[in-house]
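Below is one structure; the comments refer to it alone.
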Amino acid sequence: MTIKGKYMRLSSDSLSSYLSPNLADNSVVCLMAPTASGKTALAYELYNSGRYELISVDSALVYRDMTVGTAKPNAAELARYPHHLVDIIDPMQSYSVAEFVNDVARLIDSCHQNGKIPLLVGGTMMYYMALLDGLSPVPDSDDSVRARVEQWRQDEGISALYDYLGKVDAISHERLNATDTQRITRAVEVYLQTDIPISDWQRQPKQALAYNPNQQWHALAVMPDRPWLHTRIEQRLDIMWREGLVAEVISLLEHYPLTPGLPSMRCVGYRQVLEYLVQTNHPVFEQPHLDKAQFYDAFAQSEPSSNESKEQDTTIQSSITQTHLPMATAQTEALACQQMQNKALYATRQLAKRQYTWLRKVMQLSNTAAVPTTESITASSTSTVGSDDVTDFQKNKLILHSFSTMEQARAYLV
C-alpha cells in the first residue's frame, strides 16, 4: 500500500483485504475509462445489483436529440437503467463544468439519502478532474452579462470577443484558440462581471467535491490495451454510420438554430458530419434559422484527418472544391463520405489518446494537506499496518486504483 498526500493507492492484495466485497454507505464511485471500452455494460450490471444509481459523466450525453453519435442508451435502456444528467439541455445550449459539479453534488446527496451508492460513469475526463482535483472559484455567470456577451458575439462575431480578450486578459488570449467560442465567451463574461481576468481566478486554490469529509470516494481508472480499444472504436463507428448519424445531424440542423462553434457541434462525429454536409453543399443549410455562411466559413480550410490519409484527403478535397453543381456529383459525394468516415475514426482515436493521458493524470493526483504517512502509521502501531489502522486512515480519503480490464473493475465493485 502507498499513501500520497490526501490520496491513497492500494495494491491488489489490499483491495481484497480491506474493500471487497462491500463499499461503505457513504461511498462515491467514479468509473473512468476511454470511449468504447465497455463502461456502459458494466454500469448496467452494477445497477441491476440494486446498490447503485447511475450518474453520467459525459459532456455529449447532456444534449437532447443527440443519440446515435454519442452512443447514448436508447429510450428503452434509459427506462430500465435510469441515468442522471442525460438529455438535460438542447443542442444550442451550453453546460459548464461548474454546473456539472453543482449538479453532481446535489445528486450524490440524493443517492445517499436513497440508500444507494452513486456510480459516476463516463469518459469526459475534464469533468472527473473537476470533481477529484477541484475547480477554481470562478463566479457563476450572470444572466444579464451572458445575454450581453452573446448579443455582442452575434453582432460582431467571435473574433471581436477574442480581440477584446487580448486587451483585458493576455494570458487567456494566448492560451485559447481563436475559434474556441465557448471558452472565449466565458472569459469575456467573467471579466465584464468581476473586472478580474479569468486567468487570475484560475490561479486561486481549487475546491473539490472529493474533499468532502463525509464521503468516501473511489476513483477507478480502466485503461485497456490500445489495439483492442482501436478495434472497438472501429466497430462502434460502423454501428453509428449504419444507425444513421448523418441523418441525425441533418435532423438537428432542421430543428435547432445551431452554429458550428457550439459545444454540441464540436463533438467527435458530429463535427465530421457537418464538414461532409458543407462539402456536399447539402440543402439543409438553406433553413431560415441557420447562418449558412458560418458553416461554410468554419470548414473553408479543413485539415487532413491523419498523416496516413493526407494524400487521399487532399485528392478528395480537390474534387469537392472544383465541382460547380448545386449538389455534389455522386462520385464526389462518395469521396466526401469516405473522408468523413476517415476523419471521424482518426478523431475518435485521438479522443481516446487524450483520455488515456487524462487518466494517467488523475492517477497522479496529490494534495499537500497534512495527513499521516505510511511510516507514521507503522510507527504508531507495530511493524506492519493492521486492518484497523488502514480502515481508520482510509476513511474520507480518495482511493485511487487502475485496472487493465472492465472485469477487474467489476470484481472491485460487485
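Using the three backbone atoms N, Cα and C, a Cβ is placed for every residue, glycine included.
Checking Swiss-Prot for region 'Interaction with substrate tRNA' across the ranges 58-61, 94-97, 406-409 points to 58-61. Matching 44-49, 62-67, 86-91, 266-271 against Swiss-Prot, the residues noted as region 'Interaction with substrate tRNA' span 266-271. Same-chain residues at least 6 positions away in sequence with a Cβ under 8 Å from that of R146 (site 'Interaction with substrate tRNA') are, in sequence order, E189. If you take every residue in the region 'Interaction with substrate tRNA' (266-271) and average the pLDDT, you get 97. Listed in chain order, the extra residues whose Cβ falls within 8 Å of the Cβ center of the substrate site residues T35, A36, S37, G38, K39, T40 are A33, P34, A41, G123, R232. All chains included, 17 other C-beta atoms sit within 10 angstroms of the C-beta of G38 (ATP binding site).
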